[in-house]
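Below is one structure, written out as structure tokens, with a few remarks after it.
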Amino acid sequence: MILMKDIVREGHEVLREVAQEVQLPPSQEDIEILNRMEEYLKNSQDDDLSEKYNLRPGVGLAAPQINISKRMIAVRLEDDNGKEYHYGLINPKIISHSVEKSYLTAGEGCLSVDRNVPGYVLRYSRVTIKAFDKHGSEIKLRLRGLPAIVFQHELDHLNGIMFYDHINKQDPFYAPEDAMPIDR
Ligand SMILES: OCN(O)CCCc1ccccc1
Ligand code: NI
């Protein structure tokens with residue numbers, strides 16, 4: 001199982017690399033990596049297991065964060081309507097997005113960042129993502145709200161981008177008038 005010691009922290013060059021596309025259909029090894037990433041999120045959200053293994057709870061994880069420079073991400077969260085988003089995605093990409101932007105009023109964090117970095121992270125309010133599942137089938141996701149934010153955070157990791165790269169240096173809590181705040 002993935003433990004915190006397996007998660008690389010900022011400063012490690014892999015977090016600033018553009019990760020490699022995964023060959024399709026995915027190999028057993030790649031499927032296993034994705035399963036372990038999804039398992040980490042599940043364990044980290046379980047009160048007993050997260051305490052027992054000292055896991056920082058996470059709603060998403062990207063392969064570069066476990067020092068695997070491949071385009072794979074896992075997401076595990078529930079939106080405020082109770083809809084579950086439990087995904088392991090291969091070669092995800094944004095194929096369309098809104099002009100409007102959104103941001104979490106609480107800011108963002110990252111399992112690879114052991115410090116608080118205050119500020120608003122502006123992201124597209126709505127995104128359509130095309131990806132492949134572990135069976136190699138193509139899937140299309142239309143996301144908004146918290147799911148849209150989380151998926152964009154994970155996709156950034158595949159392109160060597162950290163959440164704080166988006167924070168306005170002059171005014172960290174700057175948000176355009178027409179941006180939509182999300183309280184979570
Ligand atoms: O890359 C995933 N990760 O570092 C865990 C935190 C995920 C996350 C936290 C806040 C807003 C969006 C995404
Ligand atoms: Ni992160």
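Count begins at 1; order follows the chain as displayed.
Each residue, glycine too, has its Cβ placed from N, Cα and C.
A quick note: this is a predicted structure, and the numbers were derived from the prediction, not measured.
Annotation comment: TrEMBL describes Glu154 as active site. Sequence annotations record features per position, and here TrEMBL assigns Fe cation binding site to Cys110, His153, His157.
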Check: same-chain CB within 8 A of Fe cation site center, minus Cys110, His153, His157:
Gly60, Ala62, Gln65, Glu108, Leu111, Ser112, Glu154, Asp156, Met162, Phe163
Report, as a single number, how many Cβ atoms besides its own are within 10 Å of the Cβ of Cys110 (Fe cation binding site).
23
With an 8 Å cut-off on Cβ-Cβ distance and a minimum sequence separation of at least 6, pull the same-chain contacts of the residue listed as 'active site', or say none.
Gly60, Leu61, Ala62, Ile73, Ala74, Val75, Pro92
Have a look around His153 (Fe cation binding site) and count the other CB atoms within 10 A of its CB, chains all included.
24
Other C-beta atoms that fall within 10 angstroms of the C-beta of His157 (Fe cation binding site):
25
